[in-house]
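Participant: Please find one structure pasted underneath; my questions will follow.
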Amino acid sequence: MEDVKKIQPNMLKGIVSVPPSKSVAHRAIIAASLSGGECTIENVAVSKDIEATIECMRALGAKCSVNTKSMTVSVTKKKTYKVKNMITLDCGESGSTLRFLMPIALGKGVPVKFVGHGRLMQRPQTPYLNIFREKGIKYELGTDYIIIDGSLKSGSYGLPGNVSSQFITGLLFALPIIDGDSEIIVSGELESKGYVDLTIDMLSKFGIEIENYKYKLFKIKGGQKYKGCNELKIEADYSQAAFFLVADAIGCNVECLNLNPNSLQGDREILDIIKNTGARIVKGPNGGIMAKKTAVMHGITVDAKNIPDLVPIVAVLCSFCSGESRIINAGRLRHKESDRLRSTATELGRLGVGIVEERDGLKIIGRDLVEGNVCSSWNDHRIAMALSIAACRAEGCIEITGAEKAVTKSYPDFYKVYDRLAGNETY
Ligand SMILES: O=C(O)C1=C[C@@H](OP(=O)(O)O)[C@@H](O)[C@H](O)C1
Ligand SMILES: C=C(OP(=O)(O)O)C(=O)O
């Protein structure tokens, strides 16, 4: 039986300890697994995507022990590691896991089979496939798997800037540890730049140096070694905080704790986006941050080039701003867990929002309250969470099909937290 989350309109109220960043955690687990030493990674939330990365690194020879209670992952590289048969890596529905690990998995001397679920294998892989063809790496592509066989050599790698930055991250992890120098040449403007910053920052914590020439060219010295990094603490996730900060901006009263004001996460931009509507960002009584709704909140134009994951929740924010809002440069949203331009427009449309899906963006006319209705999560965590926030300011009950399962991809505790905040605990 499919899960259906029923939400009665209710203004959320309380404190949220913002969960750790999924993007930073993927990178920490991979880098620690590639290093020789033992690394304890603190503040890791084991969502489905993170679990996939841990399992894949284990299959590639890392020893990872997970303590969900203390939220720590301890990683050591196994001393002897020889494989004779094909390695299978199940990436779940995680684009990051698949694209980060493909270059790393090359050169094991055996074919590696990557398995994907949901929409994962329908998401673009062409930039890597072009490289594989050019560099003589064999591959076989099925509807839910790809088998790759060959080794990565140093040299020049061309990648488009407007498909996914995850291809660049994958090569940045793998190229430094092979013999010989390499370069990545980006054609067109790189989108999702902040995610490449997160990669380069994590690599530097493990002693790996990358030269970044304005996101157009990356120079990578070969023969580098991932040095030990004994301890790492994953910072809070701005992409997840965005749901509660937008809840505030539409009238809720939630304080988000633990956000790093100097974070490199591109989705920190949610603070400026909220301010641009006329809402305020303030310090909360417990040292966290909150947004405050104001009477003058108006439509905005948001360039989504570098902040794709914010789009569904920013569309909810715009749904409650007066006048017209536009989300532009968001064509890549069509290649996420759902076609997020279609899913956002369809579902907010079902709630009575005047929303138009454009080729690479959304046009939204705000209203005071949305309508109650039954809608779908499209098996997409960010759609489920965004609709749940819209439900706070609805005229009636909103039911979201497939929501509980969808959120396990990045934020398994989302509804536990949401229901607590909806219970109006004393604040
Ligand atoms: O590197 C990362 O951690 C991510 C990069 C982004 O993908 P694109 O580069 O494909 O936009 C983002 O959407 C994804 O959720 C996480
Ligand atoms: C697109 C996302 O993740 P990934 O690409 O890793 O599947 C996401 O978390 O919204």
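Positions of Cβ are set from backbone N, Cα and C atoms, glycine also.
Those TrEMBL annotations? Automatic predictions, nothing curated.
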Participant: Among SER65, SER187, SER192, SER204, indicate the single residue that TrEMBL lists for the 3-phosphoshikimate site containing LYS22, SER23, ARG27, SER164, SER165, GLN166, ASP309, LYS336.
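Facilitator: Answer per TrEMBL: SER192.
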Participant: Those binding-site residues, ARG27, GLY95, SER165, SER192: which ones have a Cβ sitting under 6 Å from ligand 2?
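Facilitator: Passing the 6 Å Cβ check against ligand 2: GLY95.
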Participant: Restricting the comparison to the recorded positions LYS22, ARG27, SER192, ASP309, LYS336, which residue's C-alpha is spatially nearest the C-alpha of ARG382 (phosphoenolpyruvate binding site)?
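Facilitator: Minimum Cα distance from ARG382 (phosphoenolpyruvate binding site) across LYS22, ARG27, SER192, ASP309, LYS336 lands on ASP309.
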Participant: Under 6 Å from ligand 1 by C-beta, which of these recorded positions make it: LYS22, ARG27, ASP309, ARG340, LYS409? Sequence order, please.
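Facilitator: Near ligand 1, sequence order: ASP309.
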Participant: When you measure from the Cβ of ARG340 (phosphoenolpyruvate binding site), which residues in the chain that are at least 6 apart have a Cβ under 8 Å away?
Facilitator: PRO308, VAL311, PRO312, ALA330, LEU333, ARG334, ASP380, ARG382, ILE383
